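Q: Take a look at the following structure, please.
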């Protein structure tokens, strides 16, 4: 291909097309068009629609350019055309660069790795009205303050996101822009037309804009083609893997355009193995790689096995490569290695060297056409071999930084050379060598970090005296950022530990800077001062050397961990800055928002924790999640922990089963064979239950016949109590037989889910689960052990087994003297979602003397060593060790007594238990006996021959057809489910009071007492559960437990907790006790019984164990999955939350002040309780009636199907199934008919919605025990979830409980697994209200055994929630599939009303601050956390308090809904004196109150049917453009409200489109405030006004005024109403004083050295002789407009105008000067009438609502000012608080405009009443 400049000669007739370009004014659009013709059929790139040729690209770009031209012309104004791009690498970049050339607009590429704060600055300093952004960045862009930016339109690639909405910007879809049908004609090109732009921060820390013109890009492209000898080749493919926001990569887009090469992209080059795969699969021929990425590729073992046959050369930059790197590149890629050097200001490249072909000693060859010289400090060229500053000039060099003429004068020499800041020299061949940098810059993995930028952020922290930022060595990234600090003497940081200071600095930097700019280590200089030059500059080299030496000494011995896994987890947690959760283990590090730059920090930490082997710099790329990284480290035998302990690596359950080596499961739950097998399974439970039912019916008939026909047979009554235990024993016998017939012997294996083998296993699993309620009566007895042993288990009889839900018994081994507490989940089976579902079966071995606490979980393949202790609710997996028994504590032993005595005692106890059952059943039989019926039901069920043969009584055979007894079958379920259970409950109450008695606190071994044993057997009966769960959470349940002995206060809400000694439980008013709770007043491992107390408004969540002696005081919460140890006191307003760690059972923090709802009235409470009980009766019992009627019809219809001698008993299983199924199917009907659809909301505990929800919960409790357990693991349970409203995918396996009727909010994606005993909730009661939230389980996610997913929890796709853990509420809004890369989203963000989410999040953040540290110095503390025993974790008071306060301040502003809310919250946040200073007024504060109340007198008259699609509230004063007519008035010392002081207030105000007035008494200097706000195109700060007091010493006043003018303040606000300070009695009473710790007030520093001295001198300097001539004097010394603040009289307004005031502020100083002055709104009309629009009028005082602003505008104000709301918002939330306050006020005002029918400010006066001007009339009369 050839390029011609200027005219044409005869060679133009050549066959090959040629491009003709004007050399002096090249047009890149012309180049694109010509290339599209010449290379029309060449593929340019491949996008979602497939390959796209250059001809197709041209057509697309023309359509896109037509749309972009329209948008840019509409929004650009008089400035140059430009648009910004925020995209990851993708083919869209090619179109956008070409479109920029076509439209003559500049495309500005932005770094998407930056934080929102940094992007905000770029948007403000840029000039693009259009932003083209990826929808994946919508979350971060939603936090931008668009009012202060030039951006008016966002074009989203490709769809407009649902979660982005901002009135300041319009949203378009880029796809729509491509669809334009308009004809495009490129506008004319100018010589200085920009083509592309980039931002570089530079050594000043301020972003600078660099523009490349068409000429720069064109000449650079041609020079690069010539230097690299590039030719047009159809096979060429360029790999764009470096970020396109760096100018180096876009340069190759233009090269590709000229040579017609194909282009491929990858969005993140740090995923280097994917990059290598793209290079191989796409046959990439040329690629540019960062040195770090090249090093990763060369280090990866997989890369060495790959082939790159087409690769011609690899280009990289940075320092000169080593010979080893060059040689490895040649071996790995078999291509040439080209080293380059360049800079943004030179349109990238300056020089190249082919390291593969040229001698090693040679330097780089300068790019053709570039004039590169080496200059000294005098701008003179130095001799060859002499080091100097590299300077460049030529057509590729930019013309200068945009809008920064002063800087351009510094960086360009008189002869036009640009001084690069890089040091180098030339040899005699004019080849270039790079030797260093003169700039204070750090290159972190190819990213430029300027020290000043980081130093500015760190220096803002209060207590930092000096900061030095420098680069530290790093093997992978070359350099990383280090920071050294000196502390101010007696400052707030002196008492803090170095690691706390480091954490604070890291947190601040993480919030303000991109991840690669955050210091990896902070060095605190306490003993020495920084070395400095004579001119006062820091000696960075000496500071760097000393700091690194100090760090080396301090961190040598602090890297000790108990296990390799702990070391890995500790290192990753340290870098992430938070605790590791179960979800993190299988989540890629990139998805954890860990920047690729931080990978090296993990490697460095591991390098200090492990010894014996080297760690590859690609370690975290090759093992891209925590699970894989742990697996890799544990497999490395050469790596040894730096610890005295020797621990062998452990495999996980999935590793043992080799799941990853197995094939994907091909079975589906909807396979026809699966459905047939599942239908068969439905009959198993009814068949098993039929045997004991028939036995009981037969015994009943036997007694019935003998009693009525044999008068001497009453003595047989004594045998009836044995029917109940014998029936259960018979049931156990049937189960044993079925187990061996169906399943046989089970061995450790893996079973494909949904396969036939799976259904065989599931049959027995569900059977054992369904008989659990019947086995419970034999807990702790040899009978239960005997039964389990007959089913295949090996349990010694010296062990004591109190759990009755064991399954897969062939794989359970329990040796002697073990003690297994209640509700334990010893589960040899575990279902995993990997490879589309497998069941893992493994043995469990519990050795001698072990104790397994209440509700603990033991997973497959676990062996508990002798004497192991598993705390309650603890989960033990094969990969985690068991905590040892606490020191000084012996393992509890099973009870011992003489065998004959034990048998006798058991016989008596079971006889008594059976007696109570028989009495209850007899009550039901008596009722049914007296119901009119033909009484053939029992005779029909039983074999006639058997019945008559045993009783000897002839039963008349019914020959005629009998009609169904509808009344009898209707009453039967009422008796079975209502009468019998409650009769049994009354029997238990009598037994409790007459036999069992009452326990006394301190009574020894109450749990082993025979009376307690009897009571436990009684309450374990299914009839007791039916009675208590029938009216769950109603007042009736409270009465039931009071009858049993509980001390219960008013309106306590129960879900029938397990209580051994109810008399030892005390529950206060308004307490909430959720389901699955155990209150162990005594337990198997505690020697004494002690009371449990829940005080008023305490809340106990699900799956909680409270041990003896626990006290939960007022308004405290025990969260899901928490086990409170004995004698633990949870103090007032505290929260205990499951920690999910291997170390801590839970964590505690102070609960935030969450407002409680007002209690319901007595009438309302009574009404809804009656309604609830009636509804529970109808739903729980009524849903059984249709099934029983159907069973009666069935029985009546089949009575002749079998001979009477046989009976109809074979149909009994079908009858059972019919009754169960009908109930299950009726529940969804009732749900949709009564409750309809649940949605996320919060409702009171008393109300109709609450009643409906509780009633449905009661039905679910009943249904779960009755039948739903038999559906676990089948397709039917999934279908039932779907019928109830759940969003459920395919192949979902649910083994957990089905409670929680708000199924509409449950989302279970395809392949989800919910293991045994796990709970999935979408409701919570953490605020004393009922809160509904969505709960999500991502695709192929997995909940382990006995897990809880709280309402609002979200499990990511393919993530695991480990057994026994709790998935906490994560209420942050996450766009599906989005991965925002420039904003680090923390998992503890929350929604404003998520009460417990706030608490839970603050707890997690608080504990993370304690347990996770940033660098090696904190490794020791991490080790201690991993090595701790099972004891509860105690949080230090200081850290807990600081964490709570920090969390409170950081979040409370989001709870404020109006300006008054900020005042109320600030009262709690601020100290009393400081709040009183801002809040108070003069003397009686009459004027202070009147300012606010006066607005209530005035009314707005709206106009209707006025189009108000948009309203214009903009206005402008003194060059300040306001988005709406509101400004921040001056107020003193914002530093008392927040450490960021006036800087934060000003920044928030300007970004919100308002203005800020800095007080002379401000705690921040004029310079600091001016540097904190956005600037205009001239570099001047926007929206700043300076408030001024005139002193007696006019020279001081003049100096202040001139400084304000020089700094760019737009006006002076002269306070005219404060010749002296008013009498403020509130401050006098409180004794308020300003602390000298504040230092100086910087704007009046000439008045003293400390603040109190300054304030005294300030009062003395006030000039009492001032008159109106002072305004004239001020105008004579500056060119700033003067605003007179403090006008209340029309005459004074006229005087101000005559004196030359540019505006006035109607103000009474906020009621702080003269009391009894009128409210400012009252005098406004009269003053407005006097001024008549000659100058602007601003109103100050009492503004709290948008309607207040509207009223002020209506009576003549041009804008309003306010001070107190800004200060209070600052105190509550810092800058974010002020931003939210202004946004709320804007929204209110905009709403008022629209409702009043006003489209702009000029229409407002017509909406005000005229009859309210009485005050102004009075003033006019004066």
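Even glycines carry a Cβ here, placed using N, Cα and C.
Unlike curated records, TrEMBL annotations are generated automatically.
Sharing the record's features from TrEMBL:
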- 559-637: domain 'Carrier' (DOMAIN)
- 1451-1814: domain 'FMN hydroxy acid dehydrogenase' (DOMAIN)
- 675-705: transmembrane segment (TRANSMEM)
- 717-742: transmembrane segment (TRANSMEM)
- 908-931: transmembrane segment (TRANSMEM)
- 938-960: transmembrane segment (TRANSMEM)
- 966-991: transmembrane segment (TRANSMEM)
- 1170-1191: transmembrane segment (TRANSMEM)
- 1211-1230: transmembrane segment (TRANSMEM)
- 1242-1260: transmembrane segment (TRANSMEM)
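A description of the local structural setting of each listed feature is requested, covering burial, neighbours and distances.
A: Within the chain carrying the transmembrane segment (966-991), a Cβ under 8 angstroms from the stretch's Cβ atoms is held by residues 912, 916-917, 919-921, 923-924, 927-928, 931-933, 937, 1014-1015, 1018-1019, 1021, 1023-1024, 1026-1028, 1030, 1040, 1043-1044, 1177, 1180-1181, 1184-1185, 1187-1189, 1191-1192, 1262, all 6 or more beyond its ends.
For the transmembrane segment (1211-1230), the residues of the chain that approach it from at least six positions outside its boundaries are 682-683, 685-687, 689-690, 693-694, 941, 1179, 1183-1184, 1186-1188, 1190-1191, 1194-1195, 1198, 1201, 1256, 1259-1260, 1263, 1266-1268, 1271, 1280, 1283-1284, judged by C-beta separation under 8 angstroms.
Proximity of distant same-chain residues to the transmembrane segment (1242-1260), defined by a Cβ-Cβ separation under 8 Å and at least 6 residues beyond the stretch ends, is recorded for 1029-1034, 1053, 1157, 1160, 1164-1165, 1168, 1171-1172, 1175-1176, 1179-1180, 1183, 1227, 1230-1231, 1234-1235, 1268, 1298-1302, 1323, 1325, 1327-1332, 1393.
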Q: Averaged over the domain 'Carrier' (559-637), what pLDDT does the predicted model reach?
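A: Looking only at the domain 'Carrier' (559-637), pLDDT averages out to 76.
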Q: Using a Cβ-Cβ cut-off of under 8 Å, list the residues of the same chain that are 6+ residues beyond the ends of the transmembrane segment (717-742) and lie near it.
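A: For the transmembrane segment (717-742), the sequence-distant neighbours (Cβ-Cβ under 8 Å, at least 6 residues beyond its ends) are 684, 688-689, 691-692, 695-696, 699-700, 703, 760, 763-764, 767-768, 771, 774-775, 777-778, 783, 787, 790-792, 809, 910-915, 917-918.
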Q: Mind checking which residues of the chain, 6+ beyond the ends of the transmembrane segment (1170-1191), have their Cβ under 8 Å from one of its Cβ atoms?
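A: That would be 964, 966, 969-970, 972-974, 976-978, 1030-1032, 1034-1036, 1215, 1218-1223, 1226-1227, 1230, 1248, 1251-1252, 1254-1256, 1258-1259, 1262.
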